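These features come from TrEMBL:
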- His158: active site, proton acceptor (ACT_SITE)
- Cys166, Cys169, Cys238, Cys241: Zn(2+) binding site (BINDING)
- 32-376: domain 'Deacetylase sirtuin-type' (DOMAIN)
Amino acid sequence: MRKPYMRIPYTDALAAPTIIPKSANALSGAVAALHEFLVAPSASSPSGRHPSTAVLTGAGISVASGLADYRGARGTYRVNKTYRPVYYHEFLNKHEARKRYWARSFLGWTTLHKAKPNASHFAIKHLNDLGLVQSVITQNVDSFHSQAHPNLQTIELHGYLRSCICISCHEELPRDTFQDELARLNPAWDAFLREILALGALDTEDPDERHARGMKTNPDGDVDLPGAPYTTFRYPACPRCLTDPPLTANGVRATVEVDSDGAWVPTSTAGILKPAVVMFGESIHHSVKAAAEKMIDDADRLLVLGTSLATYSAWRLAKQAKDQSKPIAIVNIGGVRGEDAFFVDLDPNQKGNQGARVEISTDELLPILVEQLRSSNVQATHEAPDYVAKTQGGSIFKDMLS
Ligand SMILES: [Zn+2]
């Protein structure tokens, strides 16, 4: 049996990259290399059409939308030393862990909800319009890809924060609706959220800075409100399980109980909602894994954007492309896990058609690449208007969301 893809945090330092080809050190050289990468004929693509490219993205491409990545200069692991994600087994088994998670998530949601896709997401849409990119696999849970290019087939490898899902019956509930319920069940937290939003304390991920802006936190980085510590935080039960309690594995009807306001109580044996993301320590659903692998199988090449491939699930997809002898290009600030192996057999004189490694931010690079492809002889195969992005949100606390 093949190993399941388990999502785990990876915090080891990664070696600095070797830029490929050398000319890709400068912006113009990087654009030229990626142009070559995307349009050069490949062995597997029939003549008369562009080779098809799958794109694999990570947190780096959402930085320009105000979301922190993990390992960048302002990344979560560098800025917030108290960062500790909740693991799936803790969330599943401990009422206390769920209260802590939802209290943090309650504070973080407003800022994420305001954030919008950026130039990188729209550039990917335009590469699809030009007939060059056919599929996207993202590790991001922010839903920016589906907002920027709803018609381009996209797999969200680690799920999405826009919904909650019931652990018992798998019914989904919009995160917005859930947020309203959290506000109703926790009025002191709701008042506090409004206060810190007004003070700008949620515009930074730095614990000292947010403390200075009026955020009250204990040494673990948790918010504790006087009279309403997070241990008193309440969250709703799955509405469907509440109305119609499911059968448990041994055929017994589950118990789903709530307090007088509708908050889930620990005498319940079902009806727990979780974010619709693959939490750390949780396996990726086999259908999602299989669909992502098929995207790699179907593509002629792989373009990796804004990820260090630190999670096994993402690294494994790049390895699959390499094992199939498909050209790989990587655009990421900072090192990428095992990247030397992806470029080891390249002709030193190749100009990007066999592979490229660029260290420039995607929101700077990709729009210029799209412009250059448009002004050369690459014709759009179809063109749809862009979704209009509004104002960007502030930084997001990873520890409140993952
Ligand atoms: Zn349910």
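For all residues, glycine too, the Cβ spot is worked out from N, Cα and C.
A quick note: this is a predicted structure, and the numbers were derived from the prediction, not measured.
Cβ neighbour count for the residue listed as 'active site, proton acceptor': 25 (other Cβ atoms within 10 Å of its Cβ, all protein chains included). Within 8 Å of the Cβ centroid of the Zn(2+) site, not counting the listed residues Cys166, Cys169, Cys238, Cys241, the chain contributes Ile167, Ser168, His170, Glu171, Ala237, Pro239, Arg240, Leu242, Pro246, Val256, Ala270, Gly271, Ile272, Leu273. Residue with the densest Cβ environment among the binding-site residues Cys238, Cys241: Cys238, by other Cβ atoms within 10 Å.
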